[in-house]
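Taken from TrEMBL, the feature transmembrane segment applies to B:34-52, B:59-77, B:83-101, B:108-125, B:154-175, B:242-267, B:279-301.
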Amino acid sequence: MNTFFQLFVSGLATGSIYALAAIGFTLLWQASQTINFAQGEFIMLPAFFVLAGTQFLGLSFPVAMAIAVVLSLLLLGLGFKRIIIDPLLPHGVLPIVIATIALGILMKEGVKQFYTAEALPFPALFSDRTLNVLGAAISVQDIAVLLIALGAVALLQLFLNGTKIGRCMQATAQNPNVAEILGVPVRRMILYTFLINAGLAFLASILISPIYLAKFSNGETLGLIAFIAAIVGGFNQIRGALAGGLLLGVIDNLSAAYVSASYRSAVPLILLIIIILVRPQGLLGKAEGRTV
Amino acid sequence: MSKHTLATLVAGLAILILLPFTQSNYGVFVLCSWLVYSISAMGLNLTLGYAGQVSLAQASFMGIGAYTTALMTMAGVPWPAAMIAAMVLCFVIGFLLGYPALRVQHHFLAFITLAFNALVVLMLRNEEWLTGGTYGIVGIPRPELFGLQTQKPLAFYFFVLALFVLMAVALYAIIRSPWGRAFKALRENPIRANSLGVDIRKTTLLAFAIGSSYGGLAGSLLAQLTQFIDPHSFGLTISLKVLLMVIVGGAGFFFGPILGALLIVLAPEFLRFTEGYYLMIYATLVIVLMVFCPTGLLGLVERGRTALKLRQNPNATTWEAGR
């Protein structure tokens with residue numbers, strides 16, 4: 001029972017990072033029907049910005065972090081939208097799928113070629129002490145990660161529901177044409193969405209890198225799991241993506257311990273297939289209008 | 001088919017027959033893999049280009065085809081039976097996997113097929129008693145034709161070429177048949193197709209299943225070509241590669257995937273001097289291509305042709321000038 005509780009909590013912690021990635025994914029989908037297959041690499045990259053800042057430029061950790069945030073917003077937010085999504089959007093979903101897959105490869109190979117293929121340690125933000133909770137050893141890091149990720153999601157929800165810009169963004173997500181008529185600057189709202197996605201990716205990156213080490217190939221599994229989380233939870237709902245992320249984190253951790261280790265990665269995939277077949281809108285999602 | 005097209009086709013076939021004689025063994029190997037991937041891409045083109053269903057699982061069908069052929073021929077089953085079994089198995093699995101296509105479409109289908117591909121690779125890797133796990137299967141025999149061994153590269157090339165031509169002709173017949181027209185109607189406008197009496201359910205499933213069986217055949221040929229298979233050869237990257245072939249050449253154009261396969265198979269050979277930067281250059285090229293011609297190269301040719309016709313006859317609408 002104690003091991004179960006331990007696995008459950010650390011599952012929630014990694015799950016909350018999956019949730020950050022999944023939420024960014026759903027935001028982009030709502031704002032501009034963009035499926036970003038490079039989402040995993042978006043989370044892999046910012047940690048390397050920080051490492052490059054501290055190792056090559058000799059910056060202190062906080063300064064490197066600040067520069068990395070700006071770089072992430074510029075490259076993964078603004079640059080991604082302007083250079084790749086804007087020209088491709090009129091051509092439909094498929095070219096975007098292909099182009100973002102290629103972008104993922106480009107980022108992964110870029111880090112490998114210009115930085116390193118080694119897994120690098122990333123400075124821990126929190127102590128790695130463990131607390132004794134109900135007889136189970138729970139690490140402080142797991143708790144902190146969980147709290148920060150949930151706090152970020154809560155802030156995002158407050159922003160979307162409580163501020164004028166947030167409401168304009170929601171209006172854009174629901175129906176860009178009507179929003180435009182009502183005087184919402186739709187293009188700027190879409191840009192904000194891309195910036196938020198980049199910000200969430202940065203946060204996920206610095207939360208997960210101390211646990212998993214910073215490695216060029218980190219994006220591969222992360223991206224896939226984030227998509228599965230978004231779809232399982234309901235990919236047109238932020239709370240769906242949150243629930244999906246947490247659920248997958250827990251399932252992933254538990255199945256590694258209790259199901260066969262070699263079929264561990266099959267569990268989320270099977271869950272994905274079942275969900276799409278039984279409830280395509282996801283556990284918490286609303287059904288979207290379908291043509292057929 | 002006009003006389004002009006026929007002449008081009010005969011010339012093309014003549015080149016394909018003569019070309020390998022000028023090549024080294026390695027050159028013949030590259031040509032063979034181009035033909036094999038072309039068959040796989042032709043199948044995906046039927047699913048994607050004609051029936052409009054996005055599939056990211058073509059490599060898993062190649063895998064199923066390759067392992068079926070390898071295991072059966074090595075157990076002593078004659079090769080025609082093994083290869084037909086591979087195609088039939090892929091047809092059936094494609095048919096079953098196509099069922100989700102009835103419930104979900106577009107990006108959802110892309111994710112389901114993506115998950116399916118990952119599951120197949122996992123099984124190939126984990127079921128060591130059958131598939132040899134990560135070590136794969138070595139020493140797959142090449143077929144024997146009328147007492148003639150295809151062990152030599154050149155002989156095997158002609159074997160592959162013959163099957164390639166056969167499958168291309170079959171595909172052409174399918175596209176020209178009422179079924180093929182139903183596929184196209186389904187892609188252009190599913191609701192209208194339905195109102196005109198096209199059975200969406202049956203048509204989609206068939207397109208998926210036939211496309212998959214093409215993948216199965218390509219896999220069986222790949223197993224005989226390389227004589228070694230492992231789960232890695234049928235991963236998601238390979239599915240993306242085949243998808244890219246269809247898109248680069250031009251989805252929905254008959255010769256699109258064949259042209260696309262040529263470019264994707266040859267690209268590594270031309271970019272070899274770039275060494276570690278190869279994948280980066282490749283990815284950049286793909287992004288540039290998607291931005292500037294998302295309909296693929298043949299789509300670009302078609303656009304140019306339409307523009308030319310419009311210039312000659314400015315009063316014609318785009319539709320009259322040939323769409």
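Each Cβ is built from the backbone N, Cα and C atoms, and glycine gets one as well.
Heads up, TrEMBL stuff is auto-annotated, nobody curated it.
Within its own chain, the transmembrane segment (B:59-77) is flanked in space by residues 40, 43, 83, 85-87, 89-90, 93-94, 116-117, 120-121, 124, 130-131, 137, 139-141, 212-213, 215-220, 222-224, 229, 231, 233-239, 241-242, which lie at least six positions past its ends and keep a Cβ under 8 Å from the stretch. Listed as Cβ neighbours of the transmembrane segment (B:279-301) (distance under 8 Å, sequence separation of 6 or more from its ends, same chain) are residues 244, 246-251, 253, 255-256, 259-260, 263, 267-268, 271. Spatially, the transmembrane segment (B:242-267) is adjacent to the transmembrane segment (B:34-52); three or more Cβ-Cβ distances between them are under 8 Å for residues at least 6 apart in sequence. Counting residues 6+ beyond its ends, the transmembrane segment (B:34-52) has Cβ neighbours under 8 Å at 58, 61-62, 157, 160-161, 163-164, 167-168, 171, 174-175, 180, 183-184, 186-187, 203-204, 207-208, 210-215, 217-219, 221-222, 225, 241-243, 245-246, 249-253, 256-258, 260-262, 264-266 in the same chain.
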